[in-house]
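One structure is given here, and the rest of the page talks about it.
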Amino acid sequence: MQDGRTTLSKFLIDTLDRQPCSTETARNAGLSALLIDVAAAIKSISAMLTKGALGGNYGSAQSINTHGEEQKKLDVATNEIFVQQCEWDGLLAAMVSEEMESVYAIPPGYPRGDYLLAFDPLDGSSNIDINGVVGSIFSVLRNGEGNGNANEKNGSDPRGTVGESAFLRPGCEQVAAGYAVYGPSTMLVLSVGNGTHGFTLEREIGNFVLTHSNIRIPEDTVEFAINASNERFWEPPVRRYVQECKDGRSGCRASDFNMRWIASMVAEVHRILMRGGVFMYPRDSKTPAMEGRLRLLYEANPMSFLVEQAGGLSITGRERILDVVPRALHGRVPVILGSKHEVERIGRYHGEYDRGEDQPFTSPLFSRRSLFLPGFTA
């Protein structure tokens, strides 16, 4: 007897598997099965995290990942869960993870499929020791889609080994993206290109149930998230925007803003999807050689896909993130995403600054800021 609720499996069947074209139906059936695998990995991670310190997975793994960061035991364990859940059933050609330096090839004993999976198995792992909110992020591409000869142009050699270039495609080519947020409840937020939808894990029976259909981000907001400790390293357009927000009712925005920061991209983006806001991890001068802080393939791209599908915008400050062509597996970009009108404003400030047209503003830290200082001539 049906209870009228839509499970993740039913949603994927209704959305992907019932297409008039038999070829497309077959391809989408593979995508549905892959997303069910990802959901199974998320359930396992949720169960592991629920045990907390009792599970024996807290603390350092005594290893360093490809980014030079100390790995926690849970970073390693959650990465293994994703790999083991998704490698065996012939749906994937290869995987990329924040915790793995190079492309993970599907082992020879398993069949190879049509999709590529990029993921961050545990976003915000620095919050684990304080029992804070963490998450998982994932992105799905079709192997070789839009790249002509699969062996020559998608990073595959004649033996069928998938190389880095298979993944180095703009985020607009994603066929699915999502994240899990492990909070008081576990939620899976997903898009397959027909809007952004949220599913809540019903632990008693192990199903993800559709609870947030067709999420829409409000176009206007009075809330922003940024790590203010880096203010001295920000570019002037970001300092200008944040100062205007901090000035509140007495400033040019004539409105009071709230500032947030959780140190977990999943938690920040989830809040924006639920009630609006802007998330900023902008370019800065702290490490000049670094273009940004967040990884494009498995952080910025999937989150940007979800945000755009929900009516928001996502930019580097100067261009749409989903149009950026990756140059490396673990390449980074600045990220500014969220409510449409505020992201447009921040993008406009970057344009004005680059053209030398930015307006002066007063900052307690930086004093007056403008290219048009007294005595300045072009």
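Including glycine, each Cβ sits where the backbone N, Cα and C put it.
Over in Swiss-Prot, the protein carries these features:
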- Glu98, Asp120, Leu122: Mg(2+) 1 binding site (BINDING)
- Asp120, Asp123, Glu299: Mg(2+) 2 binding site (BINDING)
- Asp123, Gly124, Ser125, Ser126, Asn227: substrate binding site (BINDING)
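This view paints the features noted in Swiss-Prot onto the structure.
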residue	record	Cβ neighbours (10 Å)
Glu98	Mg(2+) 1 binding site	25
Asp120	Mg(2+) 1 binding site	28
Leu122	Mg(2+) 1 binding site	30
Asp123	Mg(2+) 2 binding site	30
Gly124	substrate binding site	21
Ser125	substrate binding site	24
Ser126	substrate binding site	13
Asn227	substrate binding site	14
Glu299	Mg(2+) 2 binding site	27
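On a Cα basis, Glu98 (Mg(2+) 1 binding site) lies 12 Å away from Gly124 (substrate binding site). Annotation: Glu98, Asp120 are the binding-site residues among Glu98, Asp120, Leu122, Ser125, Asn227 whose CA atoms are within 10 angstroms of the CA of Glu299 (Mg(2+) 2 binding site). Ranking the binding-site residues Glu98, Leu122, Asp123 by the distance of their Cα atoms from the Cα of Asn227 (substrate binding site) places Asp123 first. Across the structure, Ser126 (substrate binding site) and Asp120 (Mg(2+) 1 binding site) are spaced 14 Å apart at their Cα atoms. DSSP assigns Gly124 (substrate binding site) to coil in the three-state reduction, outside any helix or strand. For the pair Asp123 (Mg(2+) 2 binding site) and Glu98 (Mg(2+) 1 binding site), the C-alpha distance works out to 9 angstrom. Across the annotated binding residues for substrate (Asp123, Gly124, Ser125, Ser126, Asn227), the two most widely spaced Cα atoms sit 17 Å apart.
Neighbouring residues of the recorded Mg(2+) 2 site, listed in sequence order and excluding Asp120, Asp123, Glu299, comprise Glu98, Phe119, Gly135, Ser136, Ile137, Tyr179, Met265, Val266, Leu294, Arg295, Tyr298 (Cβ within 8 Å of the Cβ centroid). Take the mean position of the Cβ atoms of Glu98, Asp120, Leu122, the recorded Mg(2+) 1 site; other residues of that chain with a Cβ within 8 Å of it are Asp75, Thr78, Asn79, Ser97, Glu99, Phe119, Pro121, Asp123, Ser125, Ser136, Ile137, Tyr298, Glu299.
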